[in-house]
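Structure first, then comments.
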Amino acid sequence: MPTGTVARAWVLVLALWGAVAGGQNITARIGEPLMLSCKGAPKKPTQKLEWKLNTGRTEAWKVLSPQGDPWDSVARILPNGSLLLPAIGIVDEGTFRCRATNRLGKEVKSNYRVRVYQIPGKPEIVNPASELTANVPNKVGTCVSEGSYPAGTLSWHLDGKPLIPDGKGTVVKEETRRHPETGLFTLRSELTVTPAQGGTTPTYSCSFSLGLPRRRPLNTAPIQPRVREPLPPEGIQLLVEPEGGTVAPGGTVTLTCAISAQPPPQIHWIKDGTPLPLAPSPVLLLPEVGHEDEGIYSCVATHPSHGPQESPPVNIRVTETGDEGQAAGSVDGSGLGTLALALGILGGLGIAALLIGAILWRKRQPRLEERKAPESQEDEEERAELNQSEEAEMPENGAGGP
């Protein structure tokens with residue numbers, strides 16, 4: 001065994017002996033050598049001693065003797081009776097016992113409870129916030145520590161003082177994971193706060209503590225996000241597709257609640273005055289719409305600093321294809337229908353008048369022919385008389401000539 005390794009082991013033993021003298025608890029850093037002394041062991045061979053250990057490497061008590069065995073690479077007994085662990089690990093945590101018989105035949109026992117530790121790297125705040133909004137919850141950042149054993153704890157500080165989570169204005173979400181191969185821990189702590197209006201610029205930091213005596217916490221670099229006043233929300237609008245809210249059975253209706261506010265408010269939906277049991281979302285999708293989906297819909301935007309705000313309602317109706325066309329142009333359709341009805345009535349009256357006129361004309365036609373026949377005969381008689389008078393005058397005119 002190299003001299004340097006033995007020297008470091010003895011230094012560790014001397015450093016820990018003060019803690020062991022009063023009690024039998026020892027803490028050792030992972031990967032470092034550890035030496036445990038056996039009280040009462042004879043300084044000269046042959047000594048009578050026995051080491052027993054119950055650790056993560058054993059299912060029960062393991063007995064070691066000075067003669068050595070295959071466990072020499074893990075733990076072996078030195079000539080002076082001490083037990084050396086060249087590189088202690090997590091699996092070496094447990095109980096170690098030594099029983100020795102001195103020259104006077106008196107039996108002396110030594111008991112040790114060994115714990116190991118590993119100091120992680122310096123913690124850091126990932127995804128730190130550069131700006132916070134007053135009166136609303138804000139995520140400050142996530143404090144991360146990697147490679148610790150045991151797990152340890154993460155703590156947040158505000159302006160140098162411990163920040164105690166209260167579940168309201170200060171919320172901390174913690175997560176602890178253990179590496180399946182090394183057994184070391186990774187800790188994550190997410191801080192969410194609700195800063196007040198008009199306050200000073202806060203300073204946040206995070207620290208890691210292993211929970212061992214004489215071990216100082218490891219601190220992150222501080223962050224100073226500025227606090228701004230929340231923007232009041234603008235008017236809320238409810239958009240519906242298809243436009244007008246009228247859809248055929250089996251169609252799809254999409255309702256979108258539009259509001260401009262920072263941070264974005266939570267959107268809840270109401271139908272016929274009753275809140276719908278849905279998760280907050282700015283979009284409400286109604287697929288395969290049926291008559292049971294008909295009703296008055298509206299959305300409510302809840303902003304932490306400004307209270308709830310409800311949108312104008314929208315009426316969703318389910319109609320057949322023909323009814324849908326009629327409903328889509330209800331004003332124009334009714335006017336055109338009235339005009340068509342009036343034209344139809346007038347056209348019918350005109351046709352009826354023509355038919356009556358034709359019938360009456362046909363009835364009067366024979367009478368007119370009867371009246372015309374006598375008039376023609378009288379004309380012929382008058383014409384004959386005129387011809388005769390003209391013929392009588394012609395001879396008279398001839399007889400009176402020179």
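Cβ atoms here come from the backbone N, Cα and C positions, even for glycine.
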Using the record from Swiss-Prot, pick out the residue from CYS98, CYS143 that is joined to CYS38 by a disulfide.
CYS98
Which residue from SER148, SER205, SER389 is recorded in Swiss-Prot as phosphoserine?
SER389
If you check Swiss-Prot, which of CYS143, CYS299 bonds to CYS206 via a disulphide?
CYS143
If you measure from the Cα of CYS206 (disulfide bond), which of the recorded positions ASN25, CYS38, CYS98 is the nearest?
ASN25
So how many of the residues in the domain 'Ig-like C2-type 1' (123-219) end up helix, strand or coil by DSSP?
0 helix, 52 strand, 45 coil
Do you know offhand how many angstrom separate ASN80 (N-linked glycosylation site) and CYS98 (disulfide bond) by C-alpha?
13
Taking helix as H, G and I and strand as E and B in DSSP, count the residues of the domain 'Ig-like V-type' (23-109) in helix, strand and coil.
7 helix, 35 strand, 45 coil
